[in-house]
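Chemist: So TrEMBL lists these for the protein:
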| type | residues | note |
| --- | --- | --- |
| DOMAIN | 380-512 | domain 'GGDEF' |
| DOMAIN | 521-774 | domain 'EAL' |
| TRANSMEM | 40-59 | transmembrane segment |
| TRANSMEM | 65-86 | transmembrane segment |
| TRANSMEM | 98-122 | transmembrane segment |
| TRANSMEM | 128-145 | transmembrane segment |
| TRANSMEM | 152-172 | transmembrane segment |
| TRANSMEM | 184-207 | transmembrane segment |
C-alpha cells in the first residue's frame, strides 16, 4: 500500500489523537503485530486447514482440497514463517511501512485462503459438513481479531476477504440461508467493533505511556532545576523523613544554623540538631514543636524563631505526601528580621493615631470586644466615654490647624495621665476621643468624669493665647446600656450629643429616653412654631449683685416654656432646636421686646432703674438687620439703650467675626452694654477680647462650683486679672455659698449672680427684692457665718 494512502487511513481511524502521536506509535503497533504472529499461530492455522480437509475428504473433490491445503501451507504458512525470521534479523534496516506491507501481504494470502473455502470447498447439500466448514471460518476470523487488531486496518482487510464470501454463499443458498446471510453481516459489524475497541484501547495505553515518559522527562529536568533553585535560594531548606532522619538540606540551612557539611556528615542527626539549636533563644520550644509534628505529621505549621543574635526567621513546615502516604516533612527557614521590624512599625502606625500616638479607631472595636469579655468574666462594669472637644472648630479656624494639633496632643496627653493604667484612650477621629474604663459600680463614673474635667481645665498656651479646654462627654455602661460594641458606642455617642445640647462642658449618661429623643425633638419642633402665639413662653429674671454696694445692678432675662401637655421644657432642650431650625430669630426678638417692655414698666412703677441682660443667639446677632431691629424695639418700649445688656457666648463671637464686630460697635455707640457669657469654656484669649467692643465677662458657673480645686482657683484668678487689665467688669455665675462669695470678693470680682441671693423669679416678684442688699438677703436666709 502506498505511504500517503496508509497515512490518511491511519489518521482517519485514529482521529481523536494528535497527528504526531499516530505517526509516532505506528512502529510500535507493527512490532506488536509481528510479536503476536508466532510460529505456533502459523502451525495452528495449518493444522486447522488440515482438519477441514480431513473432515470434507469423503464428500468434496479431492484435487481441490489438496490444492487448497498446499496453498495454505505455502503462502499463509511457510512464507509468513520466513517473514518472521527475516523481520527479527532486519527490522531496523527497513522502514515500518516496508514491514507493514509485507505483513499485509501475508494476511492477504491467509484471508484469500479462508475466503475461498466458501467458494470452492463447502458442499451444497450436506448440512453437517457445511456446519463444520462454517464454524471453522467463524473460529478463524474470531481468533484473528486479537491477532490483527493492533492495526484496525489489517484486521478489517482480513475479515472482509475471509468472511464476506461466506455471507454471499449464505445468500445464494436461499430459504433459511437468507437469515444466516443477514446474521453473518451482523457478525462482521460486531467483530469490527471489537477490533476497533481493542485498537483504540491499545492506542490509549500508548498515549498514556507517552505522557508518562514526557512527564518523567519533565520531572527529571524539574528535579535538576529544583535542586539548583534550592541551593541558590535565600531560604534554608531541610527535609526530614518519617523516622526523623535528615534527607536533604541546602547550604543556606547550614549557614543559618552555623553548621558545616563535614560536621553533619560525621555526626548523628540528633547531635547535629543539638548543635544547631544552641543559636536559639528558646531551644526547648523548638524541640517541643519538632516532637509535636512528629506525633501529628499531617499538619501544616508556621511559627517564628528568635535567634540569640537578634535575627528572626519564619519556620514553615509541611508534610511530604506521596499518594496519600506521609513520607516525611519539609522545613523552610526564611529570614524576616528587617521585614518584621518594618511591619511592627507599620502596624503601630496603622493602629495608632500619628498625631497623638493614641490607639486609633481601627483598634477600638477589637479592644472593646476584649474588654467586654473581661468584664463579663469578672462581673465588672465597663464604662465607654465618648468625648468631644467643645468649640474646637472655632479654635482651628481662628488660630490655625497647627494650634488645633497642639490642642489635640495636649488633650491626649492629659487624658492618659489622669486615667488609670487599666483604662484605654482612643482617638476616634477629628476632635473626638473614646475612653474605656473598667469599674466596680456605675456610680464610680461621676468621680471619673470630674477627674477628667479637672485634668483638662488648665489653659493650654498656644502662642500668645491661653486656650481653655472643655469637653462634652457621653457615657454608656456595659452591661446596663448594651452588650455588644456597636450598641455601646452608639449609645455613648447619643449621650454625648445630648451633653452638647445641654450646654457643653458637661456629661450625659445614656438612658433609654435619649434614644427616643429624636421623636421628642420632632414634637418639640412642631410645638415650637406656635409657642409665642399660644402664649406658652414666659420670662424670669435673676438678679446680678454689684459687690461694691451689694445692690441689684442688673437682671438677667431667662426664657421659660411651659407647654400645656409636656410641662416645663428646659431652654437647653428647645433653644438649640430653635437655633437649628431658624426659629431663634423670631423667639429672640420676642424676648427682647418683652424684656425691654418690662424694664420700662418697672421704671414707670418708681423702682430704681437697673439693666436687663438678654442672651442673644449667634444666629440672631449675625443678621445684618439685627441692629436696626433692636433700635426699633428700644424705641417702641421707650427704653434708653444704657439699660440693656446683650450677652453673647465666646463661640458666638468667633463664628462670624467681621459682621458681629461691626454690630457690637454700633450697639456700643448707642449705649448698649456687651457681656461675654460662660467665659472660660471656649476660646479664651486676650486677642479677641481686645478686638471686640466688650464691657463685661461672666465667669462660667462650672469654675465657681469647683472653686475649691486648685486648677479652678487659678482659672478664676486669671480671668479676674485679665478683666482688670482690660478694664472689663467680671461677673461670677452660679454663686451658691458664702465661701464662694468670700473667695470672689478677695480676688476683686465686681459682680455675682446665683442662688446665694436669688434664683430666677417672675417679673411680679422683682419689686419685693429690688432694694434688699446681699447681706440682708443672706441674713434672711440664715447663711451668716457662724
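Positions of Cβ are set from backbone N, Cα and C atoms, glycine also.
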Chemist: Where else in the chain does the transmembrane segment (98-122) make close Cβ contacts, counting only residues six or more beyond its ends and a cut-off under 8 Å?
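Modeler: That would be 1, 6, 26, 30, 33-34, 37, 45, 49, 52, 56, 60, 64-65, 68, 71-72, 75-76, 79-80, 83, 87, 91, 129-130, 133-134, 136-137, 140-141, 144, 148, 151, 154, 157-166, 168-169.
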Chemist: Considering only the recorded stretches 40-59, 65-86, 128-145, 184-207, state which has the highest number of Cβ pairs under 8 Å to the transmembrane segment (152-172).
Modeler: 184-207
Chemist: In the same chain, which residue numbers or ranges, 6 or more beyond the ends of the transmembrane segment (40-59), come under 8 angstroms Cβ to Cβ?
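Modeler: Hits for the transmembrane segment (40-59): 65-66, 68-69, 72-73, 76-77, 80-81, 110, 113, 117, 121, 123, 126, 129, 132-133, 136, 139-140, 147.
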Chemist: Per DSSP, what is the residue tally for the domain 'GGDEF' (380-512) in helix, strand and coil?
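Modeler: Going by DSSP assignments, the domain 'GGDEF' (380-512) contains 58 helix, 40 strand, 35 coil.
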Chemist: Averaged over the whole of the domain 'GGDEF' (380-512), what is the pLDDT?
Modeler: 89
